[in-house]
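Working notes, beginning with the structure itself.
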Amino acid sequence: MVEEEHTQEFILEKECELRFEVESKGQKVELELKSGLAEVFGTELVKQKKYKFSNGSKVAVFTWHGCTLQLTGRTEVAYIAKETPMSIYSNCHQALEELRKKADEDDLPGPVVMIVGPRDVGKTTLCKILLNYAARMHRRPTYVDLDVTRAQICMPGCIGAIRVERQLNPAEGFHVQSPLTYHFGKLSPNDNIDHYNIAVTELAKHSKLADNKKTKFSGTIINTPAWVKGESEKLILHAIKSFKVDAVLVLDQERLYNELVKIKPESLKAILIPKSGGVVAKSQLQRDEIREIFIKEYFYGGRIPLYPHSFEVKWSDVNIFKIGAPLLPSSCMPVGMKVEDNSTKIVNITPSLSILHHVLCVTFAQSAETIFETNLAGFVVVTNVDVDRQCLTLLSPQPGPLMHNHLILSDLQFMDTH
Ligand code: ADP
Ligand code: MG
């Protein structure tokens with residue numbers, strides 16, 4: 001692949017986009033809008049401002065009316081595309097705007113849309129576009145991310161919601177201080193469907209509590225994990241019911257669309273929309289890296305560095321829980337208990353070396369009974385387990401001691417190499 005290292009200028013005609021990728025480690029590419037108007041996944045660019053993209057970035061700069069762009073640095077790929085689905089995405093936004101206006105007039109909740117599709121079709125990107133367009137109209141939509149595999153607004157393995165009132169930073173995406181977060185602790189919903197569905201129900205219940213009228217009529221945009229045939233139907237249906245979804249946008253796959261039409265409630269609108277030819281598939285390695293970077297930045301910061309704390313806690317001062325006990329054959333179960341009852345059992349665990357490097361979710365819950373319905377306060381990582389002294393060393397964004405002593409074990413691990 002040809003690598004270019006210098007300043008390149010691109011002149012875009014109306015309704016075209018410049019696509020570029022920054023691949024090599026440590027590389028940075030600067031984007032500057034020289035003239036005209038342009039946007040990155042819905043966020044308007046400010047003229048003469050330099051936007052820095054680091055490695056892993058796959059970007060499209062779209063223009064409705066034409067523009068001149070400049071890229072400085074080494075890009076592996078950089079080309080102009082004339083075919084984009086942006087006018088279709090913009091129509092989706094217009095339709096949502098109409099529903100928001102109506103909701104405002106009638107004092108009703110705004111539209112709830114869910115975006116579904118297989119892996120790497122631009123689901124998250126479409127969410128960003130719709131959120132940014134809404135923010136540009138001075139709306140305040142709720143963004144719900146049900147994808148536990150990716151880290152967009154909250155720790156991988158968790159699901160969460162935020163209110164979006166400003167356009168996202170094109171180079172940083174969602175940078176959120178405190179999303180409303182619920183624990184799941186695994187990297188695929190299918191690892192514990194019952195628990196996942198409980199978390200979705202709770203998030204739906206709590207994210208709907210609009211703090212003002214603007215939030216209420218601005219509606220909700222829901223991102224979902226990649227749809228896997230034969231596995232995702234139950235999850236998607238559950239989420240549709242929990243969030244009272246009005247419309248589902250199915251990205252790319254007619255097969256999925258037909259599948260959904262078969263199973264969806266009659267009142268639900270399902271719309272098939274094309275994916276962009278620019279969407280780039282990520283390798284497993286890249287996915288792992290993105291997760292790793294998210295956790296690292298949670299503790300150590302990104303562009304603005306953070307200085308996490310490390311402190312010891314006594315085993316006796318914390319309660320560590322995990323969700324789900326091993327599944328027993330039904331013949332071993334007590335009379336009257338079904339096998340699946342175990343998957344959502346809250347088990348109090350004694351620390352051991354097996355929790356070393358694991359992420360622990362700090363819950364606001366005051367008791368084991370309220371763990372499912374309570375959101376998370378934050379995260380810590382176990383960096384040492386001292387069995388003799390019965391102590392744990394924790395990496396934490398806040399200084400010790402822990403403000404909340406109920407912790408939930410996550411499957412997620414982080415090696416603190418700082
Ligand atoms: P999904 O959520 O369906 O897995 P994403 O929205 O994360 O897919 O998109 C995959 C990757 O493709 C992302 O890195 C995103 O920035 C990139 N991408 C999306 N749309 C375009 C486009 N039009 N041109 C270039 N890259 C794009
Ligand atoms: Mg995604």
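The backbone N, Cα and C atoms fix where each Cβ goes, and this holds for glycine too.
Curation does not apply to TrEMBL; its annotations are automatic.
Take the ATP site that TrEMBL assigns to E17, D120, V121, G122, K123, T124, T125: the candidate from K50, K52, K58, K186 listed for it is K58.
Summarising model confidence by region, the domain 'Clp1 C-terminal' (306-416) averages a pLDDT of 92.
Across the annotated binding residues for ATP (E17, K58, D120, V121, G122, K123, T124, T125), the two most widely spaced Cα atoms sit 19 Å apart.
Filtering E17, K58, D120, V121, T124, T125 by Cβ distance to ligand 2 (under 6 A) retains the following binding-site residues: T124. Just so you know, of the binding-site residues E17, D120, the Cβ with the fewest other Cβ atoms around it within 10 Å is the one at D120. Annotation note: G122 (ATP binding site) sits in a coil segment as assigned by DSSP.
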